[in-house]
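Residues annotated as GTP binding site in Swiss-Prot: L12, A13, G14, K25, N53, D71, D101. Annotated Mg(2+) binding site per Swiss-Prot: D101, in sequence order, evidence recorded as sequence analysis.
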Amino acid sequence: MNLMTMITGVVLAGGKARRMGGVDKGLLELNGKPLWQYVADALMTQLSHVVVNANRHQEIYQVSGLKVIEDSLADYPGPLAGMLSVMQQEAGEWFLFCPCDTPYIPHDLAARLTHQRKDAPVVWVHDGERDHPTIALVNRAIEPLLLEYLQAGERRVMAFMRLAGGHAVDFSDRKEAFINVNTPEELARWQEKR
């Protein structure tokens, strides 16, 4: 079976957005379109099944027709909790996670991660300068380890990805595709550029 048909795309929109003053980043607009919708659209061109992990404004995300999954852990302790929640509530074998604030993810993201994963249960993007561990292709097999990690109070995404036996995939030729929007000032700069 083709691995691409077994991957569930996931827009991670469950964060607290502290650097954005608590505003739901996924709903901020870039050129008249919510940030999360850019990510969902890019995933839908690559995968047949896409869901959203969101803890606030779920009714707005649901208008898209996509399934919305809330974190199963209290206090929404970060992106790993979103990943775990999706794995607990979706039947898929593989999951391609992307944060809602990366509107320019490439349309070959799933294919490149899939083809370069070797036998790793998790792979993530490296843009030539830095790792992007929340843009990751993850196998369900790591779910028990992830639950244990979170129950131990750990939250560091990169540390977990390495612990799970993963490796980075080089996307240095597409570095600009992984710039994320963390502050209102960054969003304003992107508005001017695009």
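Just so it is clear, glycine is given a Cβ too, placed from its N, Cα and C backbone atoms.
These numbers come from a predicted model, not from an experiment.
Among the binding-site residues L12, A13, the residue whose Cβ has the fewest other Cβ atoms within 10 Å is L12. Taking a C-beta cut-off of under 8 Å and a sequence gap of six or more, D101 (GTP binding site) has these contacts in its own chain: K25, G26, L35, N180, V181, N182. Every protein chain considered, the tally of other Cβ atoms within 10 Å of the Cβ of D71 (GTP binding site) stands at 22.
Secondary structure at K25 (GTP binding site), as computed by DSSP, is helix. The local packing around G14 (GTP binding site), expressed as other Cβ atoms within 10 Å of its Cβ over all shown chains, amounts to 29. Within the set L12, A13, G14, K25, N53, D71, D101 that the record links to GTP, no two Cα atoms are more than 18 Å apart, and one pair reaches that distance.
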